[in-house]
């Protein structure tokens with residue numbers, strides 16, 4: 001194999017243009033393909049910038065020509081040659097006007113035939129691509145996604161630095177706080193029987209940093225949650241995490257708007273209008289059935305509980321009597337796009353959100369068909385359609401349930417599903433929204449008690465401070481989420497900064513004094529020494545990158561992701577370890593997964 | 001307690017100057033101290049920028065005056081007032097020319113009396129400061145150290161971005177590779193009996209990224225080693241980690257020199273001369289007894305083995321006969337600074353480096369005293385002093401041992417110790433050095449075999465490739481360390497990039513085919529698909545920050561460090577966890593540390 005002694009790359013492959021004609025250049029990269037046409041050889045050479053054609057002909061030095069003839073896909077070479085105009089130009093690649101006539105060629109490494117071809121839009125199956133992730137990452141769209149992620153994080157770091165934020169690293173080996181998702185634990189060799197936990201977020205550390213007077217903190221932090229992985233979750237993920245002292249919501253929001261405006265401009269050349277729209281949580285639920293509404297289209301929710309509460313149709317009156325509601329969306333002007341069969345599928349769709357069914361009225365060319373009209377009086381039917389503003393061409397979809405949450409979830413998802421089917425979602429239309437005034441508490445059926453909707457350090461709204469113990473259901477928090485096109489990009493809150501209010505909040509959550517000390521002792525004790533008013537926010541960086549790179553999954557913006565069962569197919573981990581290692585850590589395995597063939 | 005409604009900070013405390021006189025400003029911060037002089041109250045207010053004096057007098061609104069009277073150290077306040085020239089100026093603080101006459105005052109949080117005073121050069125003991133780390137971090141020198149760290153990392157990110165490096169995150173939950181230091185393990189809930197490991201470095205991932213064609217990678221990466229902590233080690237530490245493709249040593253070194261030049265200029269306003277001096281490992285050992293020599297002073301080593309090899313003094317001739325050597329340093333002109341008692345302490349000093357003793361000759365005012373002269377002939381004595389270039393006023397210190405390593409270690413440490421005692425080490429004199437051409441292998445007495453000095457992926461020097469199997473003792477590696485004033489800032493190497501050479505390297509290390517697949521399978525297999533020539537480097541960020549911040553310990557540049565037994569005194573972790581958590585993870589504890597009172 002040749003080496004790189006006395007070789008110096010002068011250019012990247014994808015950068016060469018007509019203006020370089022006549023220059024001698026030295027390039028390095030991988031053979032994308034080699035075409036041997038007898039006395040003529042063409043090699044497409046690839047590096048992270050793109051492709052360029054190398055050419056060899058009968059006036060090429062014989063040894064070099066033979067070396068060129070031996071090249072196969074993914075061989076690694078370094079070549080020196082003359083840039084010349086191409087006879088048959090192509091606009092398929094950016095360097096299509098030129099080629100490099102090679103005068104020196106080094107073969108740096110050979111390659112076996114890869115398990116799949118390194119091309120754009122690979123059709124290789126996901127598991128194979130993840131096992132050979134290092135090859136999959138050679139594909140242009142993966143290179144682009146990772147480069148975009150780099151750009152986003154760089155802008156993020158620049159922006160927050162300019163705004164006076166200090167990047168401060170917080171520990172990864174920290175303390176387990178049994179709240180929320182499961183912690184990953186790390187046994188300690190030095191302290192037998194004791195464990196560190198990997199952080200679910202740097203929440204407590206960043207609050208302590210405010211107490212320490214750092215004023216503005218930020219970090220791009222790795223976080224860990226041992227959850228059952230849903231579609232787009234990773235056991236380790238990355239958060240843009242920040243916190244500010246002596247601020248209110250407006251200060252925080254305007255800083256964030258500046259960040260998003262800048263990152264969207266510099267990465268996508270999109271002009272984002274600021275300030276963003278703000279909407280109280282209650283309004284978001286009532287109008288969109290979601291705390292992360294997609295504002296690119298209408299089909300808003302309308303409450304018809306008052307109309308149907310006394311009707312003779314139990315499917316409608318029952319939910320209202322049971323304390324819930326009946327609501328509808330009007331898919332204006334699109335009834336014709338939803339024939340009966342498609343509506344049946346929508347019925348199935350809402351059932352996945354625990355709705356018992358979906359009632360509908362379809363109005364096409366003056367023909368009105370309805371799944372429920374016959375059970376109601378003429379007045380009731382008319383009142384519903386009037387309330388919906390229904391006209392010919394509209395499709396009315398109705399869900400009722402004894403739980404408002406079910407109605408919201410079903411209709412909130414349904415309006416997005418309908419929009420998706422209608423293909424009216426413009427991926428280049430970016431509608432940002434702050435959702436504010438979240439409930440402070442939410443009732444947990446499972447636990448039979450109120451839980452913190454955000455986390456137990458979130459401050460109540462000043463006007464609701466009195467309700468924290470007396471009217472939990474209506475106590476609102478100084479919490480906010482930043483939403484883009486139906487996706488939550490991030491969220492945060494103003495925090496409690498006095499021991500008195502913190503004690504009330506714990507009391508409201510029914511956490512005992514002992515539990516408080518056990519779980520949050522360091523923070524609660526710290527707050528006795530003068531905590532400034534403070535608040536912050538965290539973005540899911542993986543998701544932000546996915547949206548901005550236009551990638552279908554967060555896996556595509558993570559260099560080495562894990563699959564749904566939390567394993568890394570490339571590294572083949574987690575894996576069994578030596579008994580000696582376990583013994584050093586004073587632990588033993590009590591159950592052992594059967595060895596199974598890799599997927 | 002007051003809140004911040006309708007309050008907006010206009011300035012930081014430490015920024016106010018005479019030019020601000022006449023302005024109305026709004027400030028926030030902590031009370032450093034409050035002095036109540038009857039009708040006059042002064043409050044020093046502190047934020048991250050420094051201190052400013054707030055003043056209140058008999059024309060102050062009565063309610064405000066009373067509130068000011070109630071203030072105690074570390075209370076949190078927001079104040080609005082008029083900047084005015086101070087009657088009695090002070091240059092003890094940057095804002096000493098002015099004060100703020102307060103017209104509005106909000107008390108935002110009270111504070112208990114802190115366990116130690118928040119002042120510069122605190123005398124509180126380390127354990128107390130670490131337990132109340134959030135208070136210790138309020139001290140100005142801690143604030144400055146963390147700010148310096150931010151600045152260093154920001155410059156690092158800017159520089160490598162400009163040089164075309166992509167920041168790419170690599171996993172924290174990865175695979176255990178039983179080599180080198182102990183791994184921290186993380187049990188898997190989904191895969192009972194299997195474990196992730198926390199990475200000791202992203203070494204294999206960054207090499208895979210080169211194989212993927214990213215060309216230039218960098219990351220500020222958290223790394224983990226479950227070692228017994230020596231003085232300045234942390235179980236988790238941070239590395240500036242980078243890797244480049246299609247490069248040789250010169251390319252990598254020149255990029256790094258650019259980085260260090262920039263960071264020293266921007267952070268310390270020090271002009272670093274580039275290119276840095278380079279020195280082969282063998283020369284560093286022979287001249288300085290160290291692979292990280294401090295070049296700020298002389299006292300270089302001189303080999304006198306040939307002179308003493310046949311002398312009648314066994315302490316000298318024995319080591320040479322045993323395959324070792326006898327070497328000296330000449331502490332030129334400083335004999336008078338080392339009276340007999342001090343020399344006795346130096347004898348004890350070298351014994352901590354396993355030297356059996358220290359022979360010496362002291363020449364002061366024409367008087368020559370010596371610990372060994374009487375055992376040698378006149379010619380031998382003269383030859384030694386001639387070789388040492390000894391003159392009146394010099395102190396000659398000699399160590400011999402059958403192991404060269406012992407001689408180097410003892411004299412290498414001794415020359416630094418002597419320089420330290422002489423107080424000739426200028427902390428503002430920055431002498432950078434590349435140490436190159438490290439041995440590829442080092443003999444492990446413990447294991448009875450050769451081990452990789454750097455790691456098994458390091459390439460041999462081209463001219464030594466043939467020696468890799470046949471002459472391991474003299475095979476040199478393409479490895480390099482960057483050294484500053486006796487401290488290793490970082491190190492790296494050009495890596496092996498072909499399966500053939502990698503196989504040879506494993507063979508030289510005596511690693512079986514099975515072990516290779518088990519430990520390094522993913523990397524070895526990946527390299528079959530065309531790896532570019534590549535190399536890289538990693539810096540210890542904590543140490544770099546410590547040196548640049550002039551901090552005595554890496555603890556001082558880490559916001560939340562751990563102590564020597566790897567525990568976090570503030571968080572009180574590691575800690576016991578619920579049995580339920582362990583059961584979920586299919587592990588059990590086999591030994592349990594006795595609960596003990598916190599240090």
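Along the chain as shown, residues are numbered 1 onward.
Cβ atoms are placed via backbone N, Cα and C, with glycine included.
When the ranges A:203-206, A:207-210, A:211-214 are checked against TrEMBL, the one recorded as region 'Aspartate' is A:203-206. For the ATP site, TrEMBL lists A:225, A:226, A:227, A:488, A:540, A:541, A:542, A:543; matching the candidates A:234, A:502 against that entry yields A:234. For the pair residue A:495 (L-aspartate binding site) and residue A:488 (ATP binding site), the Cα-Cα distance reads 20 Å. Counting only same-chain residues six or more apart in sequence, the Cβ atoms lying under 8 angstroms from the Cβ of residue A:541 (ATP binding site) belong to A:149, A:152, A:153, A:220, A:237, A:238, A:239, A:240. Secondary structure of the region 'Aspartate' (A:203-206), assigned with DSSP and counted as helix (H, G, I), strand (E, B) and coil, comes to 4 helix, 0 strand, 0 coil.
Across the residues of the region 'Aspartate' (A:203-206), the predicted structure has a mean pLDDT of 95. Highest Cβ count within 10 Å among the binding-site residues A:454, A:495: A:495. Each residue contributes its Cα atom, and for residue A:454 (L-aspartate binding site) and residue A:227 (ATP binding site) those atoms are 18 Å apart.
Within its own chain, residue A:543 (ATP binding site) has A:232, A:487, A:489, A:554 as residues 6 or more apart in sequence whose C-beta sits under 8 angstroms from its own. For residue A:225 (L-aspartate binding site), the same-chain residues 6+ apart in sequence whose C-beta sits under 8 angstroms from its C-beta are A:181, A:182, A:200, A:233, A:235, A:237.
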